[in-house]
Amino acid sequence: MALAGLCALFACCWGPAAVLATAAGDVDPSKELECKLKSITVSALPFLRENDLSIMHSPSASEPKLLFSVRNDFPGEMVVVDDLENTELPYFVLEISGNTEDIPLVRWRQQWLENGTLLFHIHHQDGAPSLPGQDPTEEPQHESAEEELRILHISVMGGMIALLLSILCLVMILYTRRRWCKRRRVPQPQKSASAEAANEIHYIPSVLIGGHGRESLRNARVQGHNSSGTLSIRETPILDGYEYDITDLRHHLQRECMNGGEDFASQVTRTLDSLQGCNEKSGMDLTPGSDNAKLSLMNKYKDNIIATSPVDSNHQQATLLSHTSSSQRKRINNKARAGSAFLNPEGDSSTEAENDPQLTFYTDPSRSRRRSRVGSPRSPVNKTTLTLISVTSCVIGLVCSSHVSCPLVVKITLHVPEHLIADGSRFILLEGSQLDASDWLNPAQVVLFSQQNSSGPWAMDLCARRLLDPCEHQCDPETGRREHRAAGECLCYEGYMKDPVHKHLCIRNEWGTNQGPWPYTIFQRGFDLVLGEQPSDKIFRFTYTLGEGMWLPLSKSFVIPPAELAINPSAKCKTDMTVMEDAVEVREELMTSSSFDSLEVLLDSFGPVRDCSKDNGGCSKNFRCISDRKLDSTGCVCPSGLSPMKDSSGCYDRHIGVDCSDGFNGGCEQLCLQQMAPFPEDPTLYNILMFCGCIEDYKLGVDGRSCQLVTETCPEGGDCGESREVPMNQTLFGEMFFGYNNQSKEVATGQVLKGTFRQNNFARGLDQQLPDGLVVASVPLENQCLEEISEPTPDPDFLTGMVNFSEVSGYPVLQHWKVRSVMYHIKLNQAAISQAFSNALHSLDGATSRADFVALLDQFGNHYIQEAVYGFEESCSIWYPNKQVQRRLWLEYEDISKGNSPSDESEERERDPKVLTFPEYIASLSDSGTKRMAAGVRMECQSKGRCPSSCPLCHVTSSPETPAEPVLLEVTRASPIYELVTNNQTQRLLQEATMSSLWCSGTGDVIEDWCRCDSTAFGADGLPTCAPLPQPVLRLSTVHEPSSNLVVLEWEHSEPPIGVQIVDYLIRQEKVTDRMDHSKVETETVLSFVDDIISGAKAPCAMPSQVPDKQLTTISLIIRCLEPDTIYMFTLWGVDNTGRRSRPSDVIVKTPCPVVDDVKAQEIADKIYNLFNGYTSGKEQQTAYNTLLDLGSPTLHRVLYHYNQHYESFGEFTWRCEDELGPRKAGLILSQLGDLSSWCNGLLQEPKISLRRGSLKYLGCRYSEIKPYGLDWSELSRDLRKTCEEQTLSVPYNDYGDSKDI
């Protein structure tokens, strides 16, 4: 029965739920479990337009700033995204989630505050008055109906499930209670008929009792109303001739009426069952021997039971029953009150005792049990109770489920341009809400506050404001408040410590058991060689993965796509690199890997690679077994000096013999033989010698690989096979067969091409036979002997370093003389690889190490010669102390060459002008010790080859040891050596090694136009060092000498096409205070050529004079604002795109003495004489005093010199000043004479000092910003014409004594 009721209840509740589910079937199932979500976009345009829109579009404001104050009174996060352009306006996106009734309560307002802050406040409808800018949310009607239907569906389903669970639990509890009651039932003793009659309790309603009886009951009830019963009918039990124990009666009442006996009725149905059982007892006799009285009483009792309203005592029929024993009635009344108290232990708070008739029921347990067995059903719950429970539970479930918790959450997303949010902006969020700055690429220093509610105080969140450097592990806000910091202090978990550089990051200081590092991840700051800059806000993560058992170090400071390198078949490495904006994410990934201080520790973490205790660790043949892990090692290594064979079956010396395991039989025509050769120093180790052999009746050819028949005979004069290869180092034009280094312009030591003499190859004028394939073209005699002499130029070695410049003599001068006789043009028509080069290439087939190919290039060079010129060459360099000496000697040489005799001394050495060369004339002056040969003139000569007899211009007599054959003068055409290789893989690897050797010093790979350096090619500063940075040589200008306040510096701009990109030059200027110790400097200034000089920022003290273009590579720089007679030191560095600096180049020079106008000084000396001559008035004295005081020390020296030179007979200048002006004024004037150095004082005593002015062109540039990484040096001259104008500067010079120019 119970199961049937549960099934009916389940069907009752499931039916409406199914109907609702069907009705709501059109609703999106994904939305059934979500709250209502509404998105609103709010633009800040109205307020920016009305107040200060100009901050967004002002051309003068490149990065406008705006203070924001954003406050959210609802729970929800705040997101800032700077994804807009600078011309776009900021806007807010509100994502409101909640139920239908709460969403319209969300309001917002924007306000422009007086301090220029844009306020955006999200608040409740009742939380703030209606202000301009407030906008409520609106809910469409169709969405509301759909929402109500969905909520009703969820409510019915939830209520049904809760009700079924509750009923199931209740039935189980009652079933357990019933079993407990059966075990506790006590059997009733057998009683007599009188005792059985005594158990019949006669119920007399109180309405049948007289007034006095009712009054006594009222008094008793008033005294103990707190313990009276609450039933609807009052009664007075009367015992019929038997003193029944009220205690036993109460126990029976408890078991029958409260617990229900065997019926195990629920608490809800207990009252109905008690009424049913007690009504059956109402038909019993009320008094002994009076059946009519019983019937009368029962009729009246039933009428009272059926009545629907309380019975008034004034309308009842009063029939009293007399009692003879008042004491007995009193006792029964007291007991009745006790029974009522037991039935209602909580008491009755009502005081209406008279108008509400009450009745207490006492039931016989034994009769109740009988009734239960006969008339009561077995089901624990009847139909009426089941219906009541079902309806009540369904109603409660509907009411409770209709109020599903759906909190109101408002998420704010602020979209702004980059750098718009100014430092000091405020964000006020509800406690528990966060500020999401993950998409805020350029965050500002903002102030964050949290509040418990919209009216609560604000608390500053010191940890949440760490936007620029968020803590990796933990943040302690209390530390920040205690130490008055702007943000909370970062803490680390156990086992970690703070990074010494990045205080907000944590590094591990305790490492557990190493589980292997693969993938092995490292991170550090790198250098972006693609963009040509060093990122300051990025950390590069480099992840190395295991290839086939071995890890190789790669470059870790470059930014390129993942590259895969194959060093040998058993060792590969692939690196995947990711650029991370956030260092914390890099650190978190790194924490999962292991830490290694060195490569050896990394390799040792894998444990022994082999067990070498038995069978040589499994290594074959002459391999050595090692247990320690090493780079490029699988545990089997070759002995020192040996290399693994192609099939890795053994080790051999690749420089000797062949490799029989290369898949081509070692290049042998018939047999490839192997022989074991033990090492003399260690007999346990041996080398595998492999060589070619021939079968019977065949012999090995001269090439060591081919085989020839032994019985084969060559006809007379015939050609039997290939002729023997002849070494070409002793052959005419033999350099054509050797390698060539096109950087050093030198011939390599290794012979690349094979030279044979099978053909009769002879050239005109040469008696020796030439190698095959060599074409020789002779040059006519009239074009063979040519003389060249250069213009005299300042010695470049004198202009750099410590320059001992003298304004008296000027620059020393250098002149070059050369005679060249080109006799033959040589061209190589056919090229055959020599045996030595072939063996070297064959030994490298399949090799993957770049170092092996670089060693081959060092031996054989990186190019081979195709065309060259041969002949004779003699050159001489002549140094002069100054330009005047060179000019005088050259004029004398021209007179002698024309037949003129300037002196007797020169007539003795006069020769035929056709054969007299300028070096011979200089040498004759030096040998004779003539006086015209000035001190400091010297000459050095050298020659290549022996001068032919047909050339009369040779100066140096060749020694007998000099060969008579022509020598190599110049290589006119050369080709890369890798073009001679036929194996595609070897050719590719050799080409990569050639490029690496030419541009990356052999320690890096060429990637387009830059070098990717190996891990070993980085300096202590972390910068790559594989690509050599050319050193610019700083020198004084060869055209413009230094003046008293100006110096012109110049250097050659040199930038290789691959590996190095020069982006700037740095010039440091220092003033030396100690002439003996140049390390003591007073001031120091560092200038950038790009940022300070060509931009015009340092004009007029630093200006460009000449910049590179497509024809010229010289850079000239004018340094002004210098002090006369002062030593300055200038240092130059070249800077490339990785931040490297070249080796410095210095120039130390002393500026000349102050320039003086000697003509003006002589005029002033005449004027002073006229003022001092005769009577000198006060006005004349003052005029003389003012004139002399304003001259300055250099001019005053020349005035003194000219005055004493012409007017000393009238009195010396010093004495005349003291006599005419007085000691005090004369002392002030004459004290200026001591301001100059002794060197300048001596120069100012020269009889003749002339003033000349030179013109110096320079570029007057307007200030402009030039990006160094976009600088094109070849187009720099054209680009500067847009912002610079060519102007002329007049520079004064003094010539002491005779003029320098003749």
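The backbone N, Cα and C atoms fix where each Cβ goes, and this holds for glycine too.
Here the structure is a predicted model, which means the values were calculated and not measured.
Within the set Cys785, Cys1026, Cys1101, the cysteine that Swiss-Prot bonds to Cys951 via a disulfide is Cys785. Arg337 is the residue among Arg150, Arg337, Arg1198 that Swiss-Prot labels omega-N-methylarginine. Checking Cys1000, Cys1026 against Swiss-Prot, the residue bonded to Cys1013 by a disulphide is Cys1026. Looking up Cys612 in Swiss-Prot gives a disulphide bond whose other cysteine, out of Cys625, Cys636, is Cys625.
The Cβ of Cys692 (disulfide bond) has Val658, Gly666, Gly667, Cys668, Glu669, Gln670, Leu671, Cys672, Leu673, Leu700, Gly704, Arg705 as same-chain neighbours under 8 Å, each 6 or more residues away in sequence. Proximity note: of the listed recorded positions (Cys471, Cys490, Cys636, Asn984), Cys471, Cys490 have a CA within 10 Å of the CA of Cys463 (disulfide bond), given in sequence order. Of all the disulfide-bonded residues given, namely Cys876, Cys954, Cys1026, those whose Cα is no farther than the 10 Å limit from the Cα of Cys1000 (disulfide bond) are Cys1026. Rounded to a whole number, the C-alpha distance linking Cys471 (disulfide bond) with Asn453 (N-linked glycosylation site) is 27 angstrom. Note: the domain 'EGF-like 1' (459-507) comprises 6 helix, 13 strand, 30 coil (DSSP; helix = H, G, I, strand = E, B). A separation of roughly 55 Å, to the nearest angstrom, links the Cα atoms of Cys1011 (disulfide bond) and Asn115 (N-linked glycosylation site).
In the three-state DSSP assignment, the secondary structure recorded for Cys1240 (disulfide bond) is helix. Assigned with DSSP, the residues of the domain 'EGF-like 2' (608-652) fall into helix, strand and coil as follows: 4 helix, 8 strand, 33 coil.
Checked against Cys876 (disulfide bond) by C-alpha proximity, the recorded positions Asn453, Asn984, Cys1101 yield Cys1101 as the nearest. The candidate set comprises the glycosylation sites Asn115, Asn453, Asn742, Asn804, Asn984. Of these, Asn742 has the most other Cβ atoms within 10 Å. With respect to their backbone Cα atoms, Cys947 (disulfide bond) and Cys1261 (disulfide bond) stand 55 Å from each other.
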